[in-house]
Amino acid sequence: MAKHLFTSESVSEGHPDKIADQISDAVLDAILEQDPKARVACETYVKTGMVLVGGEITTSAWVDIEEITRNTVREIGYVHSDMGFDANSCAVLSAIGKQSPDINQGVDRTDPLEQGAGDQGLMFGYATNETDVLMPAPVTYAHRLVQRQAEVRKNGTLPWLRPDAKSQVTFQYDGGKIVGIDAVVLSTQHAEDIEQNVLHDAVMEEIIKPVLPAEWLNESTKYFINPTGRFVIGGPMGDCGLTGRKIIVDTYGGMARHGGGAFSGKDPSKVDRSAAYAARYVAKNIVAAGLADRCEIQVSYAIGVAEPTSIMVETFGTEKIATEQLTLLVREFFDLRPYGLIQMLDLLHPIYKETAAYGHFGREHFPWEKTDKAQLLRDAAGLK
């Protein structure tokens with residue numbers, strides 16, 4: 001592969017779409033805490049002065065959706081009308097129904113292992129050895145930039161920052177290996193009274209330099225910090241936000257394919273979410289085992305059917321054993337039936353709100369990031 005550029009972006013927890021994702025997952029977590037078998041599909045819409053929470057939820061739990069919503073917005077940092085949104089005064093509307101009994105009869109089974117998929121669909125998982133967390137570097141560092149923005153905003157280092165922010169990083173590759181960073185974009189909402197030159201210097205020193213490895217930066221690296229020159233109006237006042245609108249930010253930054261299904265607000269019976277997590281787990285273990293440098297897994301399902309309709313392994317010519325053998329190993333060591341993968345990854349816990357900002361993959365404490373099958377795979381493949 002010749003020289004090329006690759007770009008990924010991320011958005012902060014205060015971005016309108018991410019506010020919506022976090023509210024949806026906060027509702028999911030609150031329900032799972034009381035009722036692990038709940039069926040939840042929770043969608044959120046945010047706009048100036050209002051939040052609408054809707055969807056289909058079947059549960060024995062009772063949760064205070066208004067309180068969950070306000071607490072989530074408050075934790076993000078929207079606590080004053082000067083920011084364009086206020087957790088204490090925004091309207092919170094709820095339009096929740098129950099999951100269709102037609103879906104229930106396809107999912108629920110006497111034998112849990114025969115639990116059917118909650119919908120048809122295709123999901124992808126990916127891993128690459130170009131970073132220590134086995135994730136693509138562009139999206140990894142895009143996430144770290146907006147995470148750092150939130151950190152210096154919340155700890156008072158840069159108190160004039162506001163919650164809404166976006167990042168974008170363009171990496172240079174040569175022969176498939178990273179050789180540098182070509183461009184960095186960081187746009188951050190800020191207080192009215194801050195001078196742009198002060199903002200520019202502070203963002204450079206407190207956000208960009210501490211995050212991006214110096215060996216990848218050079219005199220030709222381009223920096224675009226608030227390139228419009230002003231970003232006072234942000235959050236839900238600047239744009240409306242919806243759950244599920246940042247599916248590439250949530251996954252691999254465009255470096256792997258995507259089946260189209262969003263994650264936030266969905267309980268683990270929805271294979272859009274749980275099977276995408278399982279596919280990441282499979283791909284990461286294959287790469288961690290040294291069986292390939294890059295690995296993409298596709299898995300697909302039919303509604304109401306437990307067994308996947310297909311499993312595909314793609315290794316982009318980096319495999320150390322035949323891909324047919326890799327596929328057999330996946331079938332042998334990973335149970336990708338809906339209930340099997342829920343058990344395998346221990347998914348019936350309130351762990352989802354944290355996933356809803358800064359990416360669902362690449363943070364080691366999530367169960368789908370474990371590499372506990374790597375040695376088993378390596379041994380079974382006959383590699384020393």
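Note that the numbers count up from 1, one per residue, in the order the chain is shown.
A Cβ is built for glycine as well, from the same backbone N, Cα and C atoms used for every other residue.
Computed from a predicted structure; not experimentally measured.
Matching 99-109, 264-274, 363-373 against Swiss-Prot, the residues noted as region 'Flexible loop' span 99-109. You'll find the Cα of Ala165 (ATP binding site) roughly 35 Å from the Cα of Gln99 (L-methionine binding site).
You'll find the Cα of Arg230 (ATP binding site) roughly 21 Å from the Cα of Asp17 (Mg(2+) binding site).
Among the binding-site residues Asp17, Glu43, Glu56, Gln99, Lys270, the residue whose Cα lies closest in space to that of Asp239 (ATP binding site) is Asp17. Cβ crowding, taken as the number of other Cβ atoms within 10 Å, peaks at Lys266 among the binding-site residues Arg230, Lys266.
All chains included, 25 other C-beta atoms sit within 10 angstroms of the C-beta of Lys246 (ATP binding site). If you compare every pair of Cα atoms in His15, Asp164, Ala165, Lys166, Arg230, Phe231, Asp239, Arg245, Lys246, Ala262, Lys266, the residues listed for ATP, the longest distance is 36 angstrom.
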